[in-house]
Amino acid sequence: QVAAASGHTVVLVDQSDEILKKSTKGIEESLKRVTKKKFADKPEAGAEFIKKTLKHLTTSTDAASVVHSTDLVIEAIVENMEVKNELFKRLDKFAPEHTIFASNTSSLQITKMANATTRQDRFGGLHFFNPVPMMKLVEVIKTPMTSQKTFESLVDFSKAVGKSPVSCKDTPGFIVNRLLVPYMMEAVRLFERGDASKEDIDVAMKLGAGYPMGPFELLDYVGLDTSKYIIDGWHSLEPNNPLFAPSPLLNKLVEEKKLGKKTGEGFYKYK
């Protein structure tokens with residue numbers, strides 16, 4: 001959406017036409033919300049903006065057949081290294097030499113993905129934040145093999161789509177999640193020890209630290225399964241790091257399929 005809205009030609013690839021129809025509809029709805037604010041007193045200009053943006057967007061279920069004419073591939077599939085590497089390996093065969101590959105992963109190593117291809121120097125991380133149309137930040141990740149030219153191209157692209165890029169080495173969680181995930185886990189431990197209630201911890205961080213959400217609200221919003229997946233991955237990389245220690249309570253909730261907002265219950269209940 002943000003790439004198309006900023007005048008880039010975009011091909012959105014997914015597994016089925018059904019998913020793609022749903023995605024396109026979602027983008028249209030999202031654009032309507034954007035234009036309501038952006039063109040509040042000019043509905044004609046808003047309608048024109050939506051039309052123009054959607055013109056830049058086509059869809060496909062076959063990544064290999066469309067990659068031959070792309071300058072940048074951004075992967076945003078399931079957080080599973082093997083599945084990602086399979087995709088990159090396949091696209092590497094079909095993409096032109098100049099094409100840059102980037103992953104939107106939030107927790108996996110970019111270097112390992114780059115090593116699945118023959119373009120380690122044209123490979124980096126572009127980590128956008130949810131919801132992407134609203135959030136200004138993009139983390140641009142440079143591996144030891146990423147060329148300066150590739151890195152600059154990724155920074156320029158981030159600016160071209162209206163985002164503020166920050167740069168980070170290929171370290172677990174990059175900047176934001178490396179600080180945010182241990183913070184959320186510390187909140188769970190504080191609650192597990194019985195030092196404070198989850199409600200009071202949430203209120204304290206909102207009113208005392210100015211955070212828009214408390215850590216338990218945020219965990220429910222992100223998904224407890226996602227948070228557990230990240231912490232388990234980091235724990236296996238650095239088993240002696242106390243910040244990455246698993247939480248019995250988090251594991252129990254995930255086992256009970258209480259995954260947060262998406263299932264109607266996590267640390268809190270949702271209607």
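Cβ coordinates are placed from backbone N, Cα and C, and glycine is handled just like the others.
What TrEMBL annotates here:
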BINDING   Ser30, Lys37, Ser106  CoA binding site
DOMAIN    1-171  domain '3-hydroxyacyl-CoA dehydrogenase NAD binding'
DOMAIN    173-270  domain '3-hydroxyacyl-CoA dehydrogenase C-terminal'
SITE      His127  site 'Important for catalytic activity'
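Each of the binding-site residues Ser30, Ser106 was scored by other CB atoms within 10 A of its CB, and the lowest score goes to Ser30. Here is what falls inside 10 Å of the CA of His127 (site 'Important for catalytic activity') among the binding-site residues Ser30, Lys37, Ser106: Ser106. Here the recorded positions are Lys37, His127, and the one with the most other Cβ atoms within 10 Å of its Cβ is His127. Across the residues annotated as binding CoA (Ser30, Lys37, Ser106), the two Cα atoms farthest apart lie 29 Å from each other. Sorting each residue of the domain '3-hydroxyacyl-CoA dehydrogenase C-terminal' (173-270) by its DSSP state yields 65 helix, 3 strand, 30 coil.
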